[in-house]
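Swiss-Prot has this to say about the protein:
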type    : residues                                                                                       : note
BINDING : Cys47, Gly48, Ile49, Thr50, Thr62, Asn85, Val86, Thr87, Trp230, Gly252, Ser253, Asp254, Ile286 : L-cysteinyl-5'-AMP binding site
BINDING : Cys47, Cys234, His259                                                                          : Zn(2+) binding site
MOTIF   : 49-59                                                                                          : motif ''HIGH' region'
MOTIF   : 190-195                                                                                        : motif ''ERGGDP' region'
MOTIF   : 292-296                                                                                        : motif ''KMSKS' region'
Amino acid sequence: MRSWSSPQVPQLPGRGPELRLYDTSDRQVRPVAAGAGPGSAATMYVCGITPYDATHLGHAATYLAFDLIYRQWLDLGHDVHYVQNVTDVDDPLLERAARDGVDWRALAEREVSLFREDMAALRILAPRDYVGATEAIADVVELVEKMLASGAAYVVDGEFPDIYYRADATLQFGYESGYDRETMLRLFAERGGDPQRPGKTDALDALLWRAARPGEPSWPSPFGNGRPGWHVECAAIALSRIGSGLDIQGGGSDLIFPHHEFTAAHAECVRGERRFARHYVHAGMIGWDGHKMSKSRGNLVLVSQLRGRGVEPAAIRLGLLAGHYRGDRYWSDQVLDEATARLRRWRTATALPAGPDATDVIARVRQYLADDLNTPKALAALDGWTTDALDYGGHDTAAPRLVASAVDALLGVAL
């Protein structure tokens, strides 16, 4: 699947400290082990959209968080292999297409195209591999075959012989989320699972292959026509594009369970590994009007709508950066107004013919971003330099240009 064009990232003098991120499974901030050895790329797999609606600010905040990681790795001199999927066949997509009377493939392509436009406008660095689930059917089939052969999967008897993954197929299942069984069952039911499905060995067993139903898309396989389950798509794409030794598995915090837990379990089961990724990283939710922003609630603030109103994407980006990536937070007109004012001040300061020395502020921005992407402190450091430049001036003619390059390279905001 075609990705979008990445902006050029300026190279800065020097380097900052190694990146440290909060790991969901370990419940602590710790160093990110980027690359398995000398010359190895830093690897990251981030779950993409299900393309049945336009990109909202919750999506934007998630992909912005991982864009920051990408940028910190580049600043540290790493090659980066970033993979993102598109769940371009799934129940919500099929239901929306049926509701609107459109072909599900046309709906997916339309929304993916809009997503690309939004990501490019927000200056999100593109993944090296941008893969639709429908492009990875063969990879999914291979994984399901291996799980059936090992006994980690089974076929449910009945009119539709669906294939399920045994939740107890790996001893470590549950380590990523750390949730107890009661919480798992609740979230499983709320987030696409089917705990009441007759014939399952365990209510938590997850769908691997949905046998073909009338009127639904399906693909041939050795175990009958059908389509992939949600979690196995990501496991198959990550393993086929990156393989073992994934540095970061990431996405929104609403994906911790069941999606990321089962994606990791599928991969670990097939590869015989204790841990799918070295780091599990999750971004917080964005709210509006007192609630999490979601398609099901209908309280979306769409990136394309903001752009259509003439809001500059750099201001959207700065507004999202004003909060820490892991925290749930609310978007508001005030957040946007403050971001717009900040952008204006930064641009005024970096357009000056000279300013205060930039060495210290760039070092502090690097330090704050290396500390679990502490963007509020990074922005505050830049605000301090901006105030000094506007109020007191300076004599370093290279400083304004260098600060602008640092803001571009490290935060993705073009001044």
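Just so you know, glycine gets a Cβ as well, placed from its N, Cα and C.
Remote same-chain residues near the motif ''HIGH' region' (49-59) are listed as 86-88, 90, 92-93, 95-97, 107-112, 114-115, 118-119, 252, 285-286, 288, 292-295, 300-305, 316, 320, 331 (criterion: CB distance under 8 Å, separation of at least six residues from the stretch ends). DSSP labels the residues of the motif ''ERGGDP' region' (190-195) in these numbers: 1 helix, 0 strand, 5 coil. Ile286 (L-cysteinyl-5'-AMP binding site) and Cys234 (Zn(2+) binding site) are 24 Å apart (CA-CA, integer value). All protein chains shown were included, and the count of other CB atoms within 10 Å of the CB of Thr62 (L-cysteinyl-5'-AMP binding site) stands at 27. The Cβ of Ile49 (L-cysteinyl-5'-AMP binding site) has 21 neighbouring Cβ atoms from other residues within 10 Å, across all protein chains displayed.
Recorded residues Ile286 (L-cysteinyl-5'-AMP binding site) and His259 (Zn(2+) binding site) have their alpha carbons 19 Å apart, per Cα-Cα distance.
By the criterion of other Cβ atoms within 10 Å of the residue's own Cβ, the least surrounded of the binding-site residues Val86, Cys234 is Val86. Put simply, His259 (Zn(2+) binding site) is 10 Å from Ser253 (L-cysteinyl-5'-AMP binding site) when counted between their Cα atoms.
Using DSSP to sort the residues of the motif ''HIGH' region' (49-59) gives these counts of helix, strand and coil: 3 helix, 1 strand, 7 coil. The secondary structure of Val86 (L-cysteinyl-5'-AMP binding site), as reduced to three states from DSSP, is extended strand.
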